[in-house]
Amino acid sequence: MSTSDDIHNTTATGKCPFHQGGHDQSAGAGTTTRDWWPNQLRVDLLNQHSNRSNPLGEDFDYRKEFSKLDYYGLKKDLKALLTESQPWWPADWGSYAGLFIRMAWHGAGTYRSIDGRGGAGRGQQRFAPLNSWPDNVSLDKARRLLWPIKQKYGQKISWADLFILAGNVALENSGFRTFGFGAGREDVWEPDLDVNWGDEKAWLTHRHPEALAKAPLGATEMGLIYVNPEGPDHSGEPLSAAAAIRATFGNMGMNDEETVALIAGGHTLGKTHGAGPTSNVGPDPEAAPIEEQGLGWASTYGSGVGADAITSGLEVVWTQTPTQWSNYFFENLFKYEWVQTRSPAGAIQFEAVDAPEIIPDPFDPSKKRKPTMLVTDLTLRFDPEFEKISRRFLNDPQAFNEAFARAWFKLTHRDMGPKSRYIGPEVPKEDLIWQDPLPQPIYNPTEQDIIDLKFAIADSGLSVSELVSVAWASASTFRGGDKRGGANGARLALMPQRDWDVNAAAVRALPVLEKIQKESGKASLADIIVLAGVVGVEKAASAAGLSIHVPFAPGRVDARQDQTDIEMFELLEPIADGFRNYRARLDVSTTESLLIDKAQQLTLTAPEMTALVGGMRVLGAYFDGSKNGVFTDRVGVLSNDFFVNLLDMRYEWKATDESKELFEGRDRETGEVKYTASRADLVFGSNSVLRAVAEVYASSDAHEKFVKDFVAAWVKVMNLDRFDLL
């Protein structure tokens, strides 16, 4: 323990006493606020991927850069790379095809249709946790092999696009005809923090398949892309794996046929690696020493590479031609009898006991081995439904090829949103239902048409609350993760959205707007719905004494019911929308956390979210006609009353019951109930970060700023799916 004499002594020598000792003095070190308060609201999720982390700057235009790309020159270089074996990571059979297919698959395979997060669209495989997942062992080598090509073409091709294109070229170079390729994935420069990968604290913790239906999780174990290839919890039982396979592939929006095609197609080329015990494998890239330069899993088994490589611990080669496309996967699956065995690393796998040695060794042409399969491969033979599909593909290789081509395209493009976001010369012409297709525009309203429509909407008898509510209901389905939802298409008027409980108040305005659309014939219903919001906001601002113009960009179209996959759109139904003070279930997270989740899906910042909630409350845009959060006696006036009254110390808040979901604000002197609120309201006074923003809008000089900020955030939400405006 230091004494005053110690301090005096160090001072006498000219040394600062506080620069002595071994404490970590680097930025971010020490106990953090998250350590003290682990349940702290994650407002920081709204600050992800800002321009401050982007080395290319906010003016960088990827689509413009991509247009300068020598696309077919790039594909030629990728094709050459496939057979340029490197001594630091030798290629199996002289080809990296299997490795690149796995890289693309595992990049795209993190997508979850339930919340739209994950997927290949941001190039997240470069960052933790995905760069160090147990299921991604050795993919660091695949990415490093691509570096010379990325270096050559620079910013004309993103890492995210390059990963998927490399997988496509690997398939094509192996004799397979792919369905096409759409570029347009833009890189980000830091890990996604908003993706819930699960609560487990240890890698490869087993999850029961039923648990996957209750959470947005896409794998049966923490750190896997899909399922444990040795069967659930290393059971070694092919039949028991069927439920897990259906759950994980189903969470990606894949049906049984697509699932069978993807498993078989992905295992037609390449191999797994389990030359020796996994105890020989070193730390993953995030934990590896600095001199490894971003690589991980260095192995001390033999040479550590080539014939001595260890990845999953499984040692499986499925087909006789592992670098050329074939139907051997199904032929071998049904032709031979399979017995359980173990890899050199001790992992459970199966071997064709009655097969000759027909499988080539990846590095010694003089050696052959028997066909081998994963436990989960045999599920395709022993599960009755999977077997029917597998036998059909066995007898009809062309049907298999077609199914895999389409399923692979879906897998690798599922999180890109509508086809209008695709760029490049190989974009397929066919519209696919999972792309949420839209018809071609048939209206081109003039400025005068828009003025006339605004007058018609204003004279329709709809209130400010109804006008704002219907526009919000239409636009707020957007998900930034997979770019689904939004106002374009007017799917609010279609099933299933028209029947959602959260939209009950909003859809009551639809018949009025549909009548205006039909009578005018000048604009789509989608445009008129958004224009209704414009009219509502402008009226509310005018009532507050401000003359504002809410920007409006026409050009939306109206989708048909047959262009709308009801089952997939059901996943967009919110379990909570704090902007409308709506919550359907109380067994999922906290109300305020779900508000952050919704705001993050809408790509909002904390100030944008705050302005929108405050504005929606005073405009009366709540889903059920309740008064929760309506801290004003001027409903329909775009004022900052929500913030002024929330932060007013004259009121004391108490929960109405033990759930602590609803609260009453009572006058401290009289005890009179003045307001009621939800957690989505009170969080703006409770959370220190959100309160700091709320205090800005509650200030006496903030009304005009608040209105301008509300309008800017409102227009942003209305245009989130207007990719044609980019």
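Just so you know, glycine gets a Cβ as well, placed from its N, Cα and C.
Note that this is a predicted model, so its numbers are computed, not measured.
So that you can see what the record holds, here are the features copied from Swiss-Prot:
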REGION    1-33  region 'Disordered'
SITE      R102  site 'Transition state stabilizer'
ACT_SITE  H106  active site, proton acceptor
BINDING   H267  heme b binding site
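Known features from Swiss-Prot, placed on the structure.
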residue: R102; record: site 'Transition state stabilizer'; Cβ neighbours (10 Å): 24
residue: H106; record: active site, proton acceptor; Cβ neighbours (10 Å): 22
residue: H267; record: heme b binding site; Cβ neighbours (10 Å): 25
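If you measure from the Cα atom of H106 (active site, proton acceptor) to that of H267 (heme b binding site), you get 13 Å. In this structure the alpha carbons, written CA, of R102 (site 'Transition state stabilizer') and H267 (heme b binding site) are 10 Å apart.
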